[in-house]
Amino acid sequence: MNFTGTYKEQKFYEGENVSWVDVQELSGCNCYCDDEAKETLENLIREFPAEGIHFLDSGNYHYVSLLWLKKIQEPFCLVLFDNHTDMQPPAFGGLLSCGGWVAEAIEELPLLREVILAGPDQDAFDQTDPMLRKKVRFLSREKIKTAKKEGTDFFRNLPKDIPVYISVDKDVLCPEDASTSWSQGDMRIDELEGYLREIFDGRRVLGMDVCGECDSLDDCSKNETGNRMLKNIWKEWRDSHEK
């Protein structure tokens, strides 16, 4: 999904069967999405299923994940990698936002059984609505940094009897491995890859999305490396399940 033009500066998708959704001229969608912009986005992705890997551009547009989740027609879990909880109430009443879309998903999607959230600070999670937290299985930034085995076991032991949808905001990665427009975490890219491989092992994955691109004038080479890794993991899983 082309909001800022940043993917034009990358090549990780070359040679793939790619569909572009060009929304560079869309107003009312940066961080907060007004009703008109939301309707436009829903119409533009109407023909596409949740299945597949969707690149959403900057973390300012992470709320688009909710529009993909709404397409899922069976019980599922959301696995989210993010340096932020995205469970905050919107500052402008009722508008879908990049900082509150997870809360909206929990409240509005009856088929969403659980959110598996990895990356935010423990304090940030503790400040979210207690009612929302009841539906979240949480792995904090602190545990990811200090207890490597605990992080691996966290993902290895997730239920395998319910399909998952995966959402990755690259701001969960350390600045050495990604360049984003938001504050970033400590996770290394090889750690993220290892966690994803644990999730993909023996589970049905309904779809995946990726955001956390840099401003278009920044050096995006680190992000391109991450995007290529994420694309390749998805392709490996898809190809192994199409045989």
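Cβ coordinates come from backbone N, Cα and C, glycine included.
What TrEMBL records for His62, Asp82, His84, Asp86, Asp169, Asp171 is Mn(2+) binding site.
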Task: Cβ-based neighbourhood (8 Å from the centroid) of the Mn(2+) site, residues His62, Asp82, His84, Asp86, Asp169, Asp171 excluded - done: Gly59, Leu80, Asn83, Cys98, Gly119, Val172, Trp182, Cys211, Gly212
- [ ] Could you list the residues of the same chain, at least six apart in sequence, whose Cβ is under 8 A from the Cβ of His62 (Mn(2+) binding site)?
- [x] Leu56, Asp82, Asp86, Cys98, Trp101, Ser167, Asp169, Cys211
Task: Local Cβ density at Asp169 (Mn(2+) binding site) - other Cβ atoms counted within 10 Å - done: 28
- [ ] Specify the secondary structure state of Asp169 (Mn(2+) binding site) as given by DSSP, simplified to three classes.
- [x] strand
- [ ] Give the sequence-ordered list of residues that share a chain with Asp171 (Mn(2+) binding site), lie 6 or more positions from it, and have CB atoms under 8 Å from its CB.
- [x] Gly59, Asp82, Asn83, His84, Ala178, Thr180, Trp182, Ser183, Gln184, Gly185, Gly212
TODO: Provide the number of Cβ atoms within 10 Å of the Cβ of His84 (Mn(2+) binding site), excluding the reference atom itself.
DONE: 24
